[in-house]
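Engineer: Right, I'll just put the structure down here and ask away after.
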C-alpha cells in the first residue's frame with residue numbers, strides 16, 4: 001500500500017484482528033478513507049474473501065456499511081463480487097443498501113451475477129434487490145443483471161433471476177438481449193434456458209442481427225436447433241442472411257447447419273434468383289435442394305460464375321483445380337464430382353458443351369479428376385469430345401486407361417495437336433515429372449494407352465513443332481516396354497528433332513543399353529550426328545556410359561568422328577578421366593594423334609588432367625609425344641605448368657618417351673620457362689608440397705638436357721622468371737646448372753633487375769592499398785627477398801673468381817633497396833672465404849696432371865671437354881671431397897664437370913653430322929673437325945645433331 005495509507009487500513013490488510021483492536025482502542029477513525037476513498041471495511045472485504053470476523057469487528061466498532069469509494073463502490077458491491085455469501089449476509093443484516101449503485105449504475109446484483117455465485121444472488125434477491133436494474137454508462141449501458149449472467153457460466157444464477165421475474169427480452173443500448181449475449185459467448189445451456197423462459201428469437205441487435213444469425217456465424221449446431229424449435233421468422237431479413245451465410249461457408253460443420261435450416265423451411269426465393277455467389281456456393285457444396293429451388297425461381301442455369309474468391313483458389317472437395325476461374329454451374333458440379341447436381345443441371349437444360357473462361361468444357365474437368373462415372377454420364381448426354389481435343393489430352397496425361405477408352409469410343413480425335421504440335425500419343429509418353437498431374441508409377445499404363453491410340457489411327461511418326469516423335473518421348477522417359485510397342489508399329493528410328501537429336505542419340509544420353517540395342521537392331525544409323533556434329537558415341541562418352549560406348553563401337557560407330565569443335569570420343573573420355581572408356585576406345589584403334597580445332601591433342605589433355613595411367617596408354621598406342629597444339633604448346637609445356645605430384649610423374653613419363661625438352665612455343669618458351677613461371681609471393685600451407693614437385697620437375701628437365709640459358713621472344717631465361725616469381729629452389733637449381741646471370745632481356749634487364757623490381761612493386765602495392773585499415777607488413781615474408789640474396793651471393797663468387805660479371809649487374813648491386821630491405825654484398829658470403837677457396841683450388845692438382853680445380857672452374861667448354869677425357873678428372877668429378885672442401889664453389893665446379901661431359905657426348909655425333917654437310921668431299925681428320933667444332937656452342941651442336949640424327953642425344957649418366 002502507499003506510504004500515506006492510514007494505519008488502520010494497513011492493520012486490516014494484514015488480517016490481524018488483535019492489531020486492529022489495539023489501533024481502534026487508541027482512537028483510530030473507523031471510517032477514515034485512503035486516496036481511493038476506501039474505508040477499512042472496504043479493505044477487509046477486498047483483501048480477504050472469507051474474513052467475516054474482521055468485517056463483523058469493524059461493523060461492531062461503527063464502520064459505515066453504506067459508505068462508497070471514489071467510484072461509488074460500496075462494501076456490498078465488493079462482497080457480492082468476491083463470491084462471499086457470508087459477508088454479504090452480514091452486511092445486509094447490518095443495513096447495507098441492497099440497491100445501491102456505483103457511478104456506472106451497477107448494483108450489487110450486477111456484481112454478483114458477474115461473479116456467478118448463486119448463493120450471493122439468492123441473498124440479494126431475498127433482501128429486495130431490483131432484478132432489472134441497469135447500467136447507466138460504459139459499453140454495458142442498459143444491461144440488466146440477466147445480461148451479465150448470460151455471459152457467465154452459472155445456469156443457476158440465470159435460473160434465479162428468471163424465477164425472480166427478470167425481463168428475458170431486456171435490451172441494452174446496443175439492442176443486445178440476454179439471448180444475444182449467450183449466443184455470442186457460446187453458452188448453449190443458458191441459451192436453452194432463456195428460450196424455455198420465452199426469449200424472443202427474432203429480436204435484433206443494433207446491427208440488425210438475430211440470435212439465429214449469430215449462432216450460424218458461431219457454427220453452433222445445438223444452439224441453431226434450439227432456436228429453430230422456437231419458430232424464428234423465415235422472412236426475417238437477418239434470419240434469411242443466416243441461411244445464406246451457412247450456404248456460403250466452406251467448413252464441413254456447416255453442412256449440418258444448412259440441413260437443419262432447410263429442414264425448418266429456409267430456402268431461396270425470387271429475390272435470390274440472381275444471387276450468383278449463393279448459387280455458386282450451393283452447387284459447390286452439393287446442396288441439390290437449394291439449387292433446385294434456384295432453378296424454380298428462374299435462375300439462369302448457364303450463367304457464368306466467378307469461381308475464385310480473393311486470395312483463394314477454387315473450392316473443391318475432391319481435388320484442387322486452379323485452371324477454371326469463370327464457369328457455369330455445370331463446370332462447378334463436375335469439378336466437385338457432384339454427379340447428382342450435374343444430373344439436375346442437365347435436366348434443366350444446362351449447356352453440356354459450355355466453355356469456361358479458358359475455353360474448357362465440363363467434361364475436361366471430369367477427365368482431369370479421373371472421374372469415370374461423370375465422364376460416361378456427360379458423354380451419354382452428348383458432350384462433344386471430337387471438337388475438344390484438350391479432353392483427350394488431359395485424359396492421357398492423367399493416365400486413366402478406362403477414360404481414354406471411353407473417349408475413343410465417342411470418336412475423340414487422335415490426330416489433333418496442341419499449340420506445341422503434340423498429339424495425345426506424345427502427351428501420354430512424355431515424362432510427366434514437371435506436369436501438374438500425378439506421375440504414372442506403372443509403365444504398363446502408358447503402354448496400354450499408347451496401344452489404344454495407335455489402334456485408333458494415331459500417327460506413330462507425328463512430330464511436334466520441335467520435331468519430337470512419340471519414340472523420342474518414350475526413350476526420354478526410359479520406358480522400355482513402350483519403346484518396344486512403338487517400334488512394333490514401325491516407328492522411324494532415324495527421325496530426329498530440329499536440333500538433330502535422334503532416338504539413338506537420346507538413348508545414348510540416358511544410358512539405356514536395352515533401348516539402344518533395340519534401336520540398332522531396327523536399323524538406327526550409329527554415326528548420325530546432331531546439328532553440332534555430336535554423335536551418339538560422343539554423348540555416351542560424355543556421360544560416362546561405358547556399356548553404351550562398347551555397344552555403339554560394336555555396331556560400327558566411327559571411333560574418330562569429330563564434333564564441330566573437332567573433339568573425338570577419346571577427348572571426352574580423357575576429360576572425364578574414365579579409364580575404362582579410354583581403354584575401350586583405344587581397343588577400337590582410335591587415332592591418338594587427332595586434335596581439336598584448337599589443337600588440343602589427347603596427350604595434351606591427359607597431361608593437363610594429371611592422369612598418369614591414361615598418358616601411358618596413349619603413349620603405348622603411339623601418341624606423338626612432341627605434337628603441339630595451337631600456339632606451339634606441347635604436352636610437356638602443359639604439364640610443367642602444373643604442380644601436383646601426378647604432374648611430376650607425367651613429366652618423367654613424357655621425357656622417357658622422347659619428349660623434346662628444348663621445344664619452344666610461339667613465344668619462344670621452353671618447358672623450363674614454364675616450370676619456373678609459378679609465383680610464390682607468400683608462404684602458404686600447400687606451397688612446400690607444390691615447390692618440391694616443381695623442383696623435381698626442373699631437375700628432370702635439366703637432367704634430360706634442358707638448355708638453362710634458352711631465351712624466349714622477350715629475351716628472358718628461366719632464371720628471369722624464377723627470380724621474378726620469388727622461386728628460391730628454382731633459382732638455386734638453375735645456378736647450379738650454369739644459368740648465366742649476365743643475360744639481359746630485350747628491355748635490358750638481368751634476372752637481378754627483375755627480382756629487385758618485383759620486390760619494389762610488392763611493397764609499393766602494400767603501401768598504396770585502398771583499404772581504410774592500414775596494412776601491417778611487420779613479419780610478412782616475401783619470397784623474392786631470398787632469391788635476390790642468392791643472386792647477389794653468386795655474383796660475389798663469380799667476381800672474386802675473376803669470372804665475367806656484366807657492368808649492368810654490378811651497377812644494380814650498389815646497393816639494392818626495395819621496400820624494407822637493404823642488402824650488402826657481404827651479407828651472406830665474404831670475399832675472404834671465396835679468396836681462400838680459390839687459392840686452395842689453384843694449388844689442388846688432379847692426380848699427377850697440371851690440371852687444377854681452378855682450371856676446371858674458369859676454363860671454357862672445349863677445354864673442359866678435353867679435361868674430362870682424363871680418367872683422373874672424371875674420378876674427381878664423382879668424388880664428394882671437393883664439395884665439402886670448397887662449399888662456396890662446389891655447385892659451380894659441379895656444373896663445369898657436367899659441361900665437359902656433355903660436350904664429349906656431343907662431339908662424336910656432331911662430327912658425323914659435320915661430315916654429312918660435306919657429303920662427296922674427303923672426310924676431315926677428327927682432330928681437324930674438332931678444332932672447327934670448338935667454335936660452336938653446345939646448343940648449336942645439339943641443333944646440328946638434331947637436324948641429321950633426331951633424338952639421338954642422351955645425357956643419361958650425367959648428374
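All positions are counted from 1 along the displayed chain.
Glycine is treated like the rest: Cβ placed from N, Cα and C.
Whatever TrEMBL says is automated annotation, not expert-curated.
Found this in TrEMBL, in case it helps:
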DOMAIN    849-945  domain 'PRANC'
REPEAT    3-35  repeat 'ANK'
REPEAT    104-136  repeat 'ANK'
REPEAT    141-173  repeat 'ANK'
REPEAT    174-206  repeat 'ANK'
REPEAT    325-357  repeat 'ANK'
REPEAT    358-390  repeat 'ANK'
REPEAT    420-465  repeat 'ANK'
REPEAT    499-531  repeat 'ANK'
REPEAT    532-564  repeat 'ANK'
REPEAT    565-597  repeat 'ANK'
REPEAT    598-630  repeat 'ANK'
REPEAT    631-666  repeat 'ANK'
Engineer: How many helix, strand and coil residues does the repeat 'ANK' (631-666) contain under DSSP?
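Structural biologist: The repeat 'ANK' (631-666) comes out at 18 helix, 2 strand, 16 coil.
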Engineer: Would you mind splitting the repeat 'ANK' (141-173) into helix, strand and coil residue counts from DSSP?
Structural biologist: 16 helix, 0 strand, 17 coil
Engineer: Could you count the residues of the repeat 'ANK' (3-35) that DSSP puts in helix, in strand and in coil?
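Structural biologist: Its residues divide into 16 helix, 0 strand, 17 coil.
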Engineer: Tally of helix, strand and coil residues over the repeat 'ANK' (598-630) according to DSSP?
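Structural biologist: DSSP classes over the repeat 'ANK' (598-630) add up to 17 helix, 2 strand, 14 coil.
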Engineer: What parts of the chain pack near the repeat 'ANK' (3-35), using Cβ distances under 8 Å and only residues at least 6 beyond its ends?
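Structural biologist: Result: 43-44, 47-48, 51, 53-54, 57-58, 61-64, 67, 69.
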Engineer: Would you mind listing the long-range same-chain contacts of the repeat 'ANK' (141-173), meaning Cβ under 8 Å and 6+ residues beyond its ends?
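Structural biologist: For the repeat 'ANK' (141-173), the nonlocal Cβ contacts are 105, 107, 109-110, 112-114, 116-118, 121-122, 125, 131-135, 179, 181-182, 185, 187, 189-190, 193-194, 197-200, 203.
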